[in-house]
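Worksheet for the structure shown next.
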Amino acid sequence: MLLKNIETALNKQIRIEAESSQTYLSMACWAEVNGLEGIAQFMYAQSDEERLHMLKLIKYVNERGGHSKVTDLKAPKTTYETFKGMFEELYKHEVFVSESINELVHITFEEKDYATHNFLQWYVAEQIEEEATAKSILDKINLIGDDKGMKKESRKNCGTLFFEVK
C-alpha cells in the first residue's frame, strides 16, 4: 500500500511524463512542417517513449493500491526560432524531469518505501541516458556552429548525423 504523499508525488510524476510526451510530440510536429525529417522522426519516437514511462508509473501506482490520476496537461510550446533553440529547451526539460525523479526518490527514501525507491531506480538510470542524449545532440549542433554546409546536411539527415532513431 502506498502512503498518500508518495501516491500524490507519483501522480505528479505521471503528469510530468505525459507533458514530456506532449512536448516531444509538439517538437516533432514543428520539425516535420519545417522539413526536418530526421529530427521529427527522433521526436516522434521520444514522445512514444515518454508515454510508456507514464504508463509504467500508472500501472505501478494502481498495483500498489493507489489510484493513478490522469489530469489536465499544460499545453506545450508549438513553435521554435531554430532547431538549436528547440534542443536547448529539450535539454532544460530533461534536467527538470531528472530533478523531479530525484525528489521522488528522496521522498521514498525518507518514508522508507523501499519498494517504490527500488522501482524508481529504473527512472534514475533512464534520465541519465535522456540528459546525455539531449546534451550530445546540443553539443554537436554547437560544434557545427555557423558552417552553412554542415547545417544544411544536418537538418536534412539529422537522424544519421546526431542520433540513431529507435
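Cβ coordinates come from backbone N, Cα and C, glycine included.
Under the heading Fe cation binding site, TrEMBL lists Glu17, Glu50, His53, Glu94, Gln127. Cβ-based neighbour count (10 Å, all protein chains) for Glu17 (Fe cation binding site) stands at 24.
Per TrEMBL, the feature domain 'Ferritin-like diiron' maps to 1-145.
Across the domain 'Ferritin-like diiron' (1-145), DSSP classifies residues as 116 helix, 0 strand, 29 coil. Across all of the domain 'Ferritin-like diiron' (1-145), the predicted model scores a mean pLDDT of 96. All protein chains considered, the CB of His53 (Fe cation binding site) has 23 other CB atoms within 10 Å.
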